[in-house]
């Protein structure tokens, strides 16, 4: 079925109107995500929205109507199973409370090669675990009892998709089999998807929770009295909080993955700069500036690589992880410098280096899980929603950021209390 046939089918099922009703407005929006389907014969995906405004007699004796599916929601034609949806809905007025707006959500599911069936919100997982697709239809009616004007809105869309049904640019992990969020037509739809359950839900919320937590921590830290935390320390720490909040908030529903990687690179560079600044702050000016400049150059290089479209492909996932790890490992050089000048004991006793080691371990662990796609590689289809590698990577990064904050705050307070020697 090509896009023209989809439009015709959708119009056929929704063009019925009540006798005596005068149609004032009837607008339909159909967005086809694969316009080349008529040439290639591939499956297509359709986002369908229709708004109908009619004037009906206010003294009508119509009875409450029903919602029905769309002729089994367009079964296969021409040997290709269609990805398009339509919905035949008819709402009739008659009761006293129908002047209030109505909102009904209907859900349909189907197994592979099967017909669509209507399900309720309490459908048991056992009956739904083998389903291939879920279709969600929003039906809204706004009726004015005084004017007789009725506005009906129908919106049909897929809630989740299988991996094979995603466009190529979203096929990043073939071990996540079901529950993918489809391409959405607007930012509003992307934002609403925060509250739905799909493969990106855990990725979104691990970052959003971290963002809120760091924002609250920043508010507490920056509002401390100056006799506890001096103003210049607040200014310097504000850069750390800005980096932590930005990397935590970078997983909005519409954020491209390359922007996320560039934000992670900025945060990694920020971490190393803080190590150099706090551990060498009482030392000669030149080495500290040299290390900070070195990290800035490496960070810019990592951001450039992260924003390069070529590295957005799934096959470069290990390369992306290696860039992230390499950026973090740049902190080894100032650490070796400190060991040479002050020894290992001072590194741990005066600079809380054990916390920075824990931070590095969490970074490496998260990057390794992300690069190897563990554990979903060993359990395909079992980690589609929870405990997938990307979620674990985000969790490791957020925890590492809190560990990093604690470590550098200990280093900063030790410097303020003049516990580190000046040379």
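For all residues, glycine too, the Cβ spot is worked out from N, Cα and C.
Because the structure is a prediction, the values reported are computed rather than measured.
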Membrane-side pairing of residue 165 with residue 288, Swiss-Prot annotation:
yes
Match it up for me: which of 235-252, 253-270, 271-288 does Swiss-Prot list as transmembrane segment?
235-252
Winner by Cβ pairs under 8 Å against the transmembrane segment (352-372), considering only 202-222, 289-309, 321-341:
321-341
Please give the sequence-distant neighbours of the topological domain 'Extracellular' (373-392): residues at least 6 beyond its ends with Cβ less than 8 Å from one of its Cβ atoms.
173, 175-179, 197-199, 201-203, 206, 317, 366
Cβ contacts under 8 Å made by the topological domain 'Extracellular' (223-234) with residues that lie 6+ beyond its boundaries:
412, 416
